[in-house]
Amino acid sequence: MEALSPDGGHLSEYDPARTQEMVHNSINLLLLNVYEDVCYCRLSATLTFSLVLSGAGESGKSTIVKQMRILHVNGFNAEEKKQKIQDIKNNIKEAIETIVTAMSTLTPPVQLACPDNQYRIEYILNLVNQKDFEFPSEFYVHAKTLWQDDGVRACYERSNEYQLIDCAQYFLDKIDIVKQSDYTPTDQDLLRCRVLTSGIFETRFQVDKVNFHMFDVGGQRDERRKWIQCFNDVTAIIFVVASSSYNMVIREDNHTNRLQEALNLFKNIWNNRWLRTISVILFLNKQDLLADKVLAGKSKIEEYFPEFARYTTPDDASPEPGEDPRVTRAKYFIRDEFLRISTASGDGRHYCYPHFTCAVDTENIRRVFNDCRDIIQRMHLRQYELL
């Protein structure tokens, strides 16, 4: 007599032992999934997922925190937006001051396209040491006119040779909007606004009844000694990298390559004996700026990281729709530089989970953080030996 197997196929001879084993395995798998869900619900109801944002200076950590507020804490109220106006104006002032100062210090120096604008540079340079600047209307006239000068633009294009905030172009392009008396910053303005992080800032939010505490710590070298107090009972470390910084140097010494600094810092955290059970979510940030640099072709990665010349895009690469192959190769090279560190010294007790991010893109961060939540859940269960 011919019998049917549990999966609907035909068996020439019914095998009750094999059938029982298959049913037993299915039940075990179902029970394991239920057990994980129950454990997760119990723990998340009484405990909080603590996430520490780490990484070198100007990698985008604070922007990630702002995105969490926009996505999960009802954003910024009118008073908070009003308070940020001064910071945004200061970003414009710092940007134009930095660019026109660099024009004479670069090698070779950069000349104004219109020499008649020299008095405008002198006006700007006289503001460098002024505190509590009131931003009169003539400031905006001088700043806008200089920003339109081809010589100033040429100096801006060489910004990897000096220290310039990432939001320089964004806010210099918005001078006419920011100068208005009724100006109210948009969410994008708030995300772009640069304020140096000093100390430790905690942001609390809830997603699907799960509590998160996110700690933002300053990334400059003199701020890192404060990190250790954040790592106590932490669920995961989110390490943020400015992927576009491969051709830049850090502010602290004007010598060390920024991406190399990030790699060194990541290696120190990964190999720290107190952190060997804490997994790392790697945010390869500033993908928009990286793409712009790669496609511009002015600063080639192999000039700073010679091994890139021999690198080929891996088989597991998943390019964004319409992404240029040069960009795909560049971003996966940077990813693999970090994974090379994590795989070389990993002992199976912690893992590295890379993600490509653009911190000023709210939808990108929404999608990435949703992907990370399952990872964070499993880290939490693993910490309590439930996985």
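Every residue gets a Cβ built from N, Cα and C, even glycine.
Per TrEMBL, the feature GTP binding site maps to 58-63, 191-197, 216-220, 285-288, ALA359. Sequence annotations record features per position, and here TrEMBL assigns Mg(2+) binding site to SER62, THR197.
Mapped onto this structure are the features recorded in TrEMBL.
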residue : record              : Cβ contacts under 8 Å, 6 or more apart
SER62   : Mg(2+) binding site : VAL195, THR197, PHE201, ASP216
LEU191  : GTP binding site    : THR63, LYS66, GLN67, ILE70, ALA359, VAL360, THR362
ARG194  : GTP binding site    : GLU58, ASP87, ASN91, ILE165, ASP166, CYS167
ASN285  : GTP binding site    : SER59, GLY60, ILE64, VAL240, VAL241, ALA242, SER243, THR357, CYS358, ALA359
ASP288  : GTP binding site    : CYS358, VAL360, ASP361
Of these binding-site residues, GLU58, LYS61, which scores lowest on Cβ atoms within 10 Å?
GLU58
ASN285 (GTP binding site): secondary structure state under DSSP, collapsed to three categories:
strand
